[in-house]
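Structure record follows, encoded as structure tokens.
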């Protein structure tokens with residue numbers, strides 16, 4: 001349907017996710033472990049071109065050459081072929097005690113400088129060609145920064161700088177989180193963008209041998225917001241996992257008895273503000289947005305009561321869920337408000353904003369207990385008009401996961417009126433909805449939302465859906481004669497860049 005895609009919409013949507021789950025006689029245990037499969041939709045003059053390619057990193061090459069899984073992933077520990085000699089077994093054992101992580105980057109696309117990378121959350125990312133999807137250099141964060149684990153969600157400012165968060169494990173016995181900035185643009189000498197990375201600030205872990213797992217953080221004009229949640233990686237258990245024949249994922253534990261710390265970092269002083277904010281135990285993977293308003297920082301996140309989300313994506317469980325009604329811990333979209341001024345009486349709610357029921361109560365020891373306002377529930381994979389990132393905003397676009405973690409509907413949510421508009425496509429499964437603003441748009445929802453829809457009936461092909469940002473009605477669909485894979489996150493590159 002050529003004429004229906006708006007003329008101004010020109011560019012490439014690259015999406016990333018796991019796409020290959022078995023090799024020879026071996027198979028992965030967990031959906032997040034699958035081999036990365038990139039795919040892209042290039043929109044030009046109303047026509048859509050589809051491409052898809054496996055990320056051909058070291059992991060992919062080693063596995064395909066051996067025709068078995070030989071590189072371990074988070075939920076699947078790989079063991080050498082029992083027929084191999086004892087020497088290769090010793091080597092494999094040593095490489096797992098101090099693990100050299102996988103470069104199977106199947107979660108997101110990150111831009112550093114003018115380079116695009118496929119990323120998971122190890123110290124390796126893989127540069128890709130955004131047009132052909134060819135796999136290029138393997139990039140090791142550890143060459144440039146003391147970061148063993150780096151979250152796969154990055155923030156960008158209007159100058160094109162990128163901001164990321166990583167965990168530095170046990171350097172001088174001190175485990176810490178670091179926030180780093182990678183300058184935008186490309187270097188005249190052609191050096192990799194990470195060579196210019198600078199650490200903006202560090203936050204010590206509250207428990208040295210069990211750093212918090214995190215997947216994203218918040219950024220406003222003047223602050224970073226980081227949630228140190230009681231979902232923790234046990235470093236010592238990870239070191240012995242291979243010997244104990246368990247996965248690294250089994251070393252990640254949720255501690256419901258612990259609180260969740262909310263760190264507010266001043267971007268100018270590069271230090272944490274003096275107020276200690278905390279809330280009850282929760283697990284957060286995705287933030288929606290953060291902004292400043294009248295002496296407060298407002299932070300909207302998708303949160304769970306525990307870590308059952310990871311458990312639900314074991315491949316055996318996913319099969320069960322597609323059929324039966326299993327019990328399911330629905331996520332909530334919650335708004336937390338962090339007052340920048342803690343002058344007040346003990347027991348006083350320091351939040352002075354009229355439009356939210358979120359509270360922040362000063363306690364005897366001077367700490368501030370935050371309770372979030374539930375904006376809506378059963379939503380995940382939130383996206384916004386990124387021009388409003390870090391600013392007061394109204395709209396988010398999300399997947400509906402009210403009955404299962406795999407979405408059949410997507411929703412536009414208005415944080416001001418709490419109104420929801422849904423788009424549902426019958427049987428198909430919907431990916432994360434990506435909002436693209438119309439060039440020169442003034443209104444926040446003036447643009448389109450792109451999502452890929454997987455047909456539930458195999459061999460019928462999927463389609464790229466274009467929805468109007470305002471009405472949330474279908475503008476166009478580009479049917480593609482391919483069975484898409486379910487993916488995770490995407491990045492839209494407008495033609496001008």
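Any Cβ shown, glycine's included, is placed from N, Cα and C.
Taken straight from TrEMBL:
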BINDING   153, 215, 286, 489  Fe cation binding site
Protein Cβ atoms within 10 Å of residue 215 (Fe cation binding site), excluding its own: 18
Cβ neighbour count (within 10 Å, all chains shown) around residue 489 (Fe cation binding site): 22
Which same-chain residues, if any, lie at least 6 apart from residue 153 (Fe cation binding site) yet have Cβ under 8 Å of it: 108, 215, 216, 217, 286, 287, 489
Around the Cβ of residue 286 (Fe cation binding site), the count of other Cβ atoms that are within 10 Å: 21
Residues close to Fe cation site centre defined by 153, 215, 286, 489, Cβ within 8 Å: 107, 108, 151, 152, 216, 285, 287
